[in-house]
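So that we are looking at the same thing, I have put the structure below in structure tokens.
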């Protein structure tokens, strides 16, 4: 921040936007190669470069904020707006899936047998694994709030305990969802029901994995004393994201599992 007359962070030249663009090219080309020629070489290369880019880019952001002090209150305000806009974009992303589901289920076509679930589909019991999954995510919402309040009060150990519980619950949810997919009596190719079910719940599951990874990073950062009671936006963003994942699941449970069955 030397020789600056403003509170903004002037970012140094970085290779990561270029490697990120390259990884996007490799991933999209790799998907085409996988779909048409059953070759995963290019896709694997794209995913690997994408993961390496994300790791190193966020590592640099942590260095700039924690060790170099570039994240002033003004910069943090901008990051908050950015995270809010990102979550709004995710809400609209999931709105598309709910739209597809309700479009198909509220007025089933003759091809579906004129009923919902379509003829021949045996939906999952909403009072079994889906209800347990709901309980797990609601409990994780409580524990992440406990972690946040502990951090704001400067209670390091309770914060670590609560964050560890949240991560464990997130991993447990993922394992339950994987077992449910494995045992489901229908597949993604079983018409519009299978498509909407697996795409909506699958993307939510991916978001749980991303959120769990975000929280694991926060856990290791807290072990290294990166967060203080008044400077912890990295954790706050992870908590916001986790609450978003919670709320989306409640809508999925009520719409697809309970009403849709």
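Each residue, glycine too, has its Cβ placed from N, Cα and C.
Keep in mind that this is a model prediction, so the values were computed, not measured.
In case it's useful when we look at the structure, here is the feature table from Swiss-Prot:
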type: TOPO_DOM; residues: 1-15; note: topological domain 'Mitochondrial matrix'
type: TOPO_DOM; residues: 35-40; note: topological domain 'Mitochondrial intermembrane'
type: TOPO_DOM; residues: 67-72; note: topological domain 'Mitochondrial matrix'
type: TOPO_DOM; residues: 106-128; note: topological domain 'Mitochondrial intermembrane'
type: TOPO_DOM; residues: 184-190; note: topological domain 'Mitochondrial intermembrane'
type: TOPO_DOM; residues: 224-232; note: topological domain 'Mitochondrial matrix'
type: TOPO_DOM; residues: 257-261; note: topological domain 'Mitochondrial intermembrane'
type: TRANSMEM; residues: 16-34; note: transmembrane segment
type: TRANSMEM; residues: 41-66; note: transmembrane segment
type: TRANSMEM; residues: 73-105; note: transmembrane segment
type: TRANSMEM; residues: 129-152; note: transmembrane segment
type: TRANSMEM; residues: 156-183; note: transmembrane segment
type: TRANSMEM; residues: 191-223; note: transmembrane segment
type: TRANSMEM; residues: 233-256; note: transmembrane segment
In the same chain, who gets a Cβ under 8 Å from the transmembrane segment (191-223) while lying at least 6 residues past its ends?
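Hits for the transmembrane segment (191-223): 58, 62, 66, 90, 93-94, 97-98, 100-101, 104, 112, 116-118, 121, 123, 144, 151, 156, 159-160, 163-164, 166-167, 170-171, 173-174, 177, 181, 234-235, 237-238, 241-242, 245, 248-249, 252, 256, 260.
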What are the DSSP helix, strand and coil residue counts for the topological domain 'Mitochondrial matrix' (1-15)?
0 helix, 0 strand, 15 coil
List the helix, strand and coil residue totals of the topological domain 'Mitochondrial intermembrane' (257-261) as derived from DSSP.
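Helix/strand/coil tally for the topological domain 'Mitochondrial intermembrane' (257-261): 3 helix, 0 strand, 2 coil.
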By a Cβ-Cβ criterion of under 8 Å, what residues six or more beyond either terminus of the topological domain 'Mitochondrial matrix' (67-72) are in contact with it?
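Same-chain contacts beyond the flanks: 1, 7-9, 79, 231, 233.
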What parts of the chain pack near the topological domain 'Mitochondrial matrix' (224-232), using Cβ distances under 8 Å and only residues at least 6 beyond its ends?
62, 66, 71, 151-154, 218
Is it possible to list how many residues within the topological domain 'Mitochondrial intermembrane' (35-40) are helical, extended or coil according to DSSP?
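Summed over the topological domain 'Mitochondrial intermembrane' (35-40), the classes give 3 helix, 0 strand, 3 coil.
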